[in-house]
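What follows is a single structure, written as C-alpha cells, with notes after it.
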Amino acid sequence: MSSNAPTPATTAAAAAKPPTRPLRSSGTDKGNPWTYIPLVLLAVTFVLPLLFMISSSFKPRDQILADLTSWRAFLPVGDLSLDNYAGVFDRVPVGQFFWVSTVVTVSIVVLGLIVNSMAGFALARLNFRGRGVLLGIIIATLIVPFETFAIPMVYLVSNLPRVVLHSDGFALRMGWANSYEVLIIPFIANAFSIFLFTQYYRSIPKELDEAARVDGAGWFRIYRSVISPLAGPAFATSAILTFLPQWNSYLWPLLVIQQENMRPVQVGMRYFFASATAEGTPWGQIMAYTSLITIPVILVFLMFQRAFISSIASSGVKG
Amino acid sequence: MSSTVHPSRAAGAAPARGTAATPGRGASSINAQERRAAYLFLAPAVVLLTVFLIVPVIMSFALGFTNARLGADFAPEFVGLAQFVRALTADPTFWAGLRNIAVFVLVVVPVQGGLGLALALLVNQKLRGITAFRVMFFMPVVTSMVVVAMLWRFMYQQDGLINAIFGFNVDWLNDPTTALPAVIVMSIWQGVGFHMILWLSGLQTINHDLYEAASLDGASRWQQFWNVTIPGLRPTFVFIFITITIAAFSLFTQIDVMTSGGPANATTTLVYHIIQMGSGRGDVGYGSALSLIFFIIVLAVTLLQRALTKED
C-alpha cells in the first residue's frame, strides 16, 4: 500500500480486500432456520418487480392492467405473444443499438485490460522515479465523480480533431460526437483497474522477474508470459467491474450521441420511450425493450455469479 | 498459487542478483533500461487519464469563469465570478436541486447502508440455499439503472402495480410531496444488494477465533455483535460511508428517466441541473461553474467524513 497521499481513497484502498479471496458460500454464523422468513420476504421484494417486467412484456395492454391485482401480474400466463417485441423492432433499430453497445463494451474491456494491466505492472514491479507520487495521484482521482467533469469533457471532445477514413485517404474533422471513438477512448484507462492490477502484481514474488531476466527475457515478455499468466483473477475482476457499468452506461452517450444509428441500448431506451408515448404509453412494448436489454446481463450474471460477487466484494467502486 | 512456483525459482534467482549488481556500469544501464520500460508501460494509461480526466477537471475550473457555449462561433470570454453569482442569487432551480440532493443523501446513506448490513448479517449464515438468496438480492444491482427506473415508473403509475397491491390511489411521481420519496425507495431497492456484498466481505474478514473467545467468556450473541462484529467492521464502514455518499450526490439517471426533475422542481438535483444547463442548453460556462460548486461540496463532505471517522 502506498504510504503517501492521505486521501479518502486510501481508506478505500485499505478496505479493498485482496482481489481474489472469494466470499465463503456458506456463511460464518450458525444458521437459524427462522431466518428463512425474512429471507423469503426479501427475495420476493427483490425478484417480483423483475418477474413483473418480464411477464408484462408478453402481455397485451388490457391483460397487464387486468392482472395487476393478482399473482398473475408476476407470471407469464394468459394471452401471451411476442407482439410487444415485434412492436419494439418496428419502432426502433434495436439490433443496431445492441451492436453499438456490444462493440463499445467489448472494446473498452479488452483495451482496458491491456492498458491498465501494463500500467499496474510498471507501478508494482519496475523501479522509476516518481512511482509513489504517480500511484498517489491515480488513487486520488478515484474520489472525483464523473458527473463533476462531464460538461467540460463534452466541450473538450467537441473541440478535438478526429481522423475520418475515406476510400481514397483520410481527412481531419472537428468534434468527436456520434462516433465509436467518443464512446470508447475516454474509458479505456481506469484508475481503479490500475490500482487493482498494481495490488495484485505486487503480491506475486519479485524473484520470478529476476529469474526471467537472467534467462534473457525483456520486460514486455516478463509482463506478458511470466507474470500476467499468474494474475488471472485480477484480469477477471477488472473485466467484470468494467463490463457492467459500460453496458449500463447512460449519461455519457446521452451527452455525445445524437444520431440514431450510434445509440447504445440504454440511451436507445430513452428515445424509444419518447417516440412511443406520443400515442399513449405502450407499457407492454417498453417492458419488452427493458427485458431485451436486461436478460443477457442477468444470464451472464447467473452463469458467473460467483466471480461477479467476489469481484464486487473486492472492489467497492461503483460504476 | 504463486507461492508454489516461488521457492524453486527464487533459489535460481539468488546468485543472478549477485552477478547483475557487481559491475557498476552494467547495473546502472540495467536501471536505465528498467526506467525506460516503466515509462513505456505507463504511457498509454497516463496519456489517456490526463486527457480524459485531469484536463476536463482543470477545464471545469477554467470554463466556470467564462461564457463558453457548445457550438458557439465566438471564443470563450472571461466573465469573472458572474456564473457563480448567477447560481447563488438568480437560479431557484439550483437551490431546489441542492435541497433535494441533501434530502436524498441524508436518507439514502444511512438507510441503504444500514439495510445493506442487515441483509449481510442475514446471508452470512450457514443455511441451505443461502447463495441463491444472495444472488436474488443482488439481481437489481446488475440490472441497469435506466431499466430499473423505467420499471418503477411503470409500477408507480396511478393505475399501476404499487397502488393495485397496496390499495393506494396516489400519483406517486406527479405529486410534489411523494415524488422524491418514491425515487428514494426505488434507489435503495436497486443499490442495497451492492452494499450487502461489501458488508458481507467485511464480516468475513473478522477473525473467527474472536467470536469463540467471546463466547467462552460468556458473551451473549448481542454482546458479541457489539464488541466483536461492529469494531471489526470499522474499515468497511468508513469505506461504504464515503463511497455511498459520493454515489448518492451524483443522482441523475433516475431523475432523467422518471421525473425530468418535476413536478415543479420537486425532484431536480444538482447533477440533473448541471446537465440541463451545460448540455441541454449548451451553456458550458454555467454548467462548468455549477460542476465546480458540486465538486467542492462533494470534496468537502468527503473530507469531513474522513475527519469524523478517523481513528484516534
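Positions of Cβ are set from backbone N, Cα and C atoms, glycine also.
According to TrEMBL, the region 'Disordered' annotation covers B:1-27.
Residues or ranges marked as compositional bias 'Low complexity' by TrEMBL: B:7-27.
The transmembrane segment annotation in TrEMBL covers B:38-63 (among others).
What TrEMBL records for B:98-305 is domain 'ABC transmembrane type-1'.
Residues annotated as transmembrane segment in TrEMBL: B:101-123 (among others).
Feature annotation from TrEMBL assigns transmembrane segment to B:135-155 (among others).
For B:179-200 (among others), the entry in TrEMBL reads transmembrane segment.
Under the heading transmembrane segment, TrEMBL lists B:236-255 (among others). Using a Cβ-Cβ cut-off under 8 Å and counting only residues 6 or more beyond its ends in the same chain, the transmembrane segment (B:236-255) has close neighbours at 101, 104-105, 108-109, 112-113, 116, 145-146, 149, 183, 186-187, 191, 195, 198-199, 201-202, 205, 261, 267-272, 275, 294, 297-298, 301-302, 305-306, 309.
Packing against the transmembrane segment (B:284-304) from elsewhere in the chain are residues 57, 59-70, 76, 79, 83-84, 86-87, 94, 242, 245-246, 249, 270-271, 273-275, 277-278: each is 6 or more residues past its ends and has a CB under 8 Å from a CB in it. Taken from TrEMBL, the feature transmembrane segment applies to B:284-304 (among others).
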Going along the chain, which residues at least six beyond the ends of the transmembrane segment (B:179-200) come within the CB cut-off of under 8 Å? 100, 103-104, 107-108, 111-113, 115-117, 119-121, 123-124, 134, 137-141, 143, 145, 148-149, 152, 156, 172-173, 233, 236, 239-240, 244, 247, 251, 254-255, 258-259, 262-263, 266-267
In the same chain, which residue numbers or ranges, 6 or more beyond the ends of the transmembrane segment (B:38-63), come under 8 angstroms Cβ to Cβ? 76, 284-285, 288-289, 291-292, 295
